[in-house]
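Chemist: Before anything else, here's the structure in question.
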Amino acid sequence: MNHILLVGAGGALGSVLRYLVGLWMLQRAGPAFPWGTLFVNVTGSFLIGFLAEFIMHKMGASPEMRVFLITGVLGGYTTFSAFSLDAIALLEHGQTMSGLAYIVASVGLSMLAVFAGLALMRAMV
């Protein structure tokens, strides 16, 4: 139960941070391109790599800190960072084909799922 509360608290913090960063980017770059989403995905991916290495290998942080920061805060900030970390882990462990398949499947199937959801709702309305 403690971990669930930590994930929830971290997720709330990460979601608010994502919203604020999105607004900040929108004010600076305008609405013509999704700069906020790109910025969040790239910075979230950097942070998950940095924190995973720092927390797990340099700091020896508690499972609670890992759950709060990585699953909670960064999970609320961007799930693209988790996808990126999983893909890199597969590639670093020599599972090149699995890693590439995971990347292609994640992006391709997610795009198809969004398209299917849009099409279904448009057909219902």
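Keep in mind that glycine also has a Cβ here, set from the backbone N, Cα and C atoms.
Per Swiss-Prot, the features are:
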- G75, T78: Na(+) binding site (BINDING)
- 4-24: transmembrane segment (TRANSMEM)
- 32-52: transmembrane segment (TRANSMEM)
- 68-88: transmembrane segment (TRANSMEM)
- 100-120: transmembrane segment (TRANSMEM)
Chemist: If you count Cβ pairs under 8 Å, which stretch among 4-24, 32-52, 100-120 touches the transmembrane segment (68-88) the most?
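Modeler: Top-ranked stretch among 4-24, 32-52, 100-120: 4-24.
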Chemist: Taking the Cβ of T78 (Na(+) binding site) as the centre, how many other Cβ atoms fall within a 10 Å radius?
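Modeler: There are 25 such Cβ atoms around T78 (Na(+) binding site).
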Chemist: List every residue in the same chain as G75 (Na(+) binding site), at least 6 positions away in sequence, whose Cβ is under 8 Å from its Cβ.
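Modeler: Listed in sequence order: V7, G10, G11, G14, A82.
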Chemist: Can you see whether DSSP assigns T78 (Na(+) binding site) to helix, strand or coil?
Modeler: coil
